[in-house]
Amino acid sequence: MARETHEAVPPLELESVIGFNGRVPTGLNVHPDGEHLVYPLGCTIIIQALRNRTQEFLHGHTNNVSYVTVSRSGQYIASGQVTFMGFKADIIIWDYSKREIHARLTLHKAKVEALAFSPNDLYLVSLGGQDDGSVVVWNVAKGEAVCGSPASAPSAGNCLTVKFSNNNDAIFITAGNSTLRVWDLDLPNRKIHPTECQTGQLKRIVTCLEISDDDSFFFCGTSSGDILTVNLKTKLLNSCAPQKKKFSLGVTALKTLKTGDMLVGSGDGVVSLCKGTPFKVIKKVELVGGVTSISLRGQGHQFFTGSDAAQIYRFNYTEFKEELVGTCHNEAVYDISFPLIQYEDCFVTRALSAWNDGKIRVFTPESGKLIYAINNAHSMGVTAIAATSDCKKIISGGGEGQVRVWEIGKGFQRLIEAMKEHKSSVSCIKVKRNNTECVTASSDGTCIIWDLVRFVRNHMVLSNTLFRCVCYHTEEFQIITSGSDRKIGYWEVFDGSPIRELEGSLSGSINGMDISPDGTHFVTGGDDKLVKVWGYNEGEVTHVGIGHSGSITRIKVCPNARSIISISADGAILRWKYPLLS
């Protein structure tokens with residue numbers, strides 16, 4: 001699927017990102033300089049300074065990043081991606097100091113499962129996903145393949161992880177479902193030779209690997225919740241522990257410490273400090289979400305962990321207590337709202353909220369504490385919501401198509417009126433500044449302008465589309481709409497008559513739209529994953545932002561017109577510099 005291009009249009013500048021794909025194995029990396037975190041979000045690699053939290057972005061992937069690793073020297077970052085069946089999945093080696101692509105490597109099909117640099121940055125080994133099944137060694141300096149081979153024997157399952165030796169650029173290990181191999185790189189003959197590790201009758205799915213500093217042993221975390229210790233020289237199983245109290249929901253991350261102890265992350269969200277090869281737990285802390293990454297800062301006096309609930313934690317080794325340093329959505333975000341004008345530099349997602357259980361819930365923005373809930377607000381879920389500027393009324397839309405007006409006050413909430421003209425779910429509601437009128441968009445192909453004094457329909461807009469978004473122009477004499485037909489429509493508020501129609505996107509519906517405070521421009525976002533800035537009168541795209549890897553669900557221009565905030569189905573929140581500052 002090719003992404004729509006606007007080569008002649010200036011790009012939007014991405015200022016910051018709230019998001020972290022915690023489902024990527026070992027996705028959270030502390031850079032060897034000890035000053036930056038490196039982690040993926042969608043198709044972007046984020047480099048974030050630990051001290052001031054400033055961010056830099058590496059753009060180059062065309063789909064979700066599936067693996068990220070950093071070389072021991074810190075000179076290179078390597079990242080792999082997923083793609084569509086039948087297409088090649090790229091690996092990118094990034095030059096860290098220049099923040100640019102060093103080499104793009106393309107051999108694997110559909111997905112890059114895992115990556116590892118050799119200890120002296122000479123080679124990169126890559127593992128393809130289950131539709132590929134190959135392991136390839138690459139020359140880092142030249143950016144070309146040295147050799148490749150099927151990753152596991154025909155009788156074995158898929159390989160899931162790979163790790164290079166700590167001291168030898170010609171030895172690496174692959175592991176996965178009933179497969180565990182040590183590989184030797186034969187550079188003169190451009191071949192790699194595997195040796196099967198002998199584990200006897202023991203069958204395990206290995207999910208992560210760690211090697212001792214002196215390369216004498218390596219450790220295999222398994223989905224069964226135990227850890228295999230294997231002699232790297234003899235390739236023989238040394239032990240399998242613990243025997244009784246296994247790690248719940250499997251071992252998902254391993255990291256050896258200079259003390260000889262081991263940090264173990266498990267699928268139930270517990271980070272454990274373990275002593276010796278029996279892996280006796282000395283200390284443990286429970287986090288939110290299953291642990292997917294453990295990365296040391298320096299010698300391990302401090303370390304960072306990432307979870308599949310998109311949480312980033314910092315630990316000090318001595319106290320062994322967690323500190324939450326980053327949190328974000330790990331599922332789709334559907335709406336975003338700015339508070340009153342004096343707080344325009346912050347936003348919520350959101351304090352007044354519509355829920356698919358049919359309730360309207362109101363929270364305090366600062367603490368997130370529930371103030372009250374309106375039960376049974378709509379029979380088929382609340383699908384859209386808006387409030388009047390005087391905070392005395394709420395207008396809600398439901399899956400059944402009703403538009404309801406609620407009066408709210410201290411200690412009470414009551415239904416004033418239910419307006420029943422839409423035949424399908426209400427997708428968007430916007431209220432006029434004087435609170436006497438609102439417009440609702442619905443997937444039944446209608447937009448209705450309502451009188452909020454008499455609670456009757458003023459005008460109706462009809463189109464052959466599923467409307468997803470509607471906006472009043474700043475001067476409130478026109479509305480603009482869009483939806484599944486990818487068209488942007490301009491309409492008169494006075495009588496609902498059409499004015500003009502624009503081609504809003506070449507692929508996928510437009511889900512979000514907002515107009516700048518001065519009314520000269522508007523922004524759109526949708527299934528094409530592009531943020532577009534349009535001239536309102538000209539009807540032409542002036543700027544395009546590329547950064548989302550999921551469908552954009554909503555987009556807003558902040559009240560002071562300094563930023564554009566876009567949110568998407570992958571849980572990402574992106575802040576763009578507004579390009580038309582006066």
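Note: Cβ is positioned from N, Cα and C throughout, glycine not excepted.
Caution: TrEMBL annotation is automatic and unverified by curators.
Values in this document were obtained by computation on a predicted structure and should not be read as measured data.
If you look up TrEMBL, you'll see 54-312 marked as domain 'EML-like first beta-propeller'.
Residues or ranges marked as repeat 'WD' in TrEMBL: 105-148 (among others). For the repeat 'WD' (105-148), the residues of the chain that approach it from at least six positions outside its boundaries are 25, 66-73, 75-76, 78-93, 158-170, 172, 174, 183, 185, 187, 190-192, judged by C-beta separation under 8 angstroms.
Look at TrEMBL and you will find 375-408 (among others) tagged as repeat 'WD'. DSSP places the residues of the repeat 'WD' (375-408) in helix, strand and coil in these numbers: 0 helix, 18 strand, 16 coil.
Sequence-distant contacts of the repeat 'WD' (419-452), counting only residues of its own chain at least 6 positions beyond either end whose CB sits under 8 Å from a CB of the stretch, comprise 380, 383-390, 393, 395-405, 458-472, 476, 479, 481, 483, 491, 493, 496. Residues or ranges marked as repeat 'WD' in TrEMBL: 419-452 (among others).
Cβ atoms under 8 Å from those of the repeat 'WD' (503-544) belong to residues 1, 3-4, 6, 9-12, 466, 468-475, 480, 482-488, 550-557, 559-561, 564, 566-568, 574, 576, 578-580, 582 of the same chain, restricted to positions at least 6 beyond its ends. According to TrEMBL, the feature repeat 'WD' maps to 503-544 (among others).
Residues 3, 10-19, 21, 41-44, 57, 59, 63-64, 310, 328-338, 341, 344-345, 347, 349, 508, 511-518, 520-521, 523-527, 529-533 of the same chain, all 6+ positions outside the repeat 'WD' (545-582), place their C-beta atoms under 8 angstroms from a C-beta of that stretch. Annotation source TrEMBL lists repeat 'WD' at 545-582 (among others).
Looking only at the repeat 'WD' (419-452), the predicted model's pLDDT averages out at 96. Each residue in the repeat 'WD' (545-582) gets a DSSP state, and the totals come to 0 helix, 19 strand, 19 coil.
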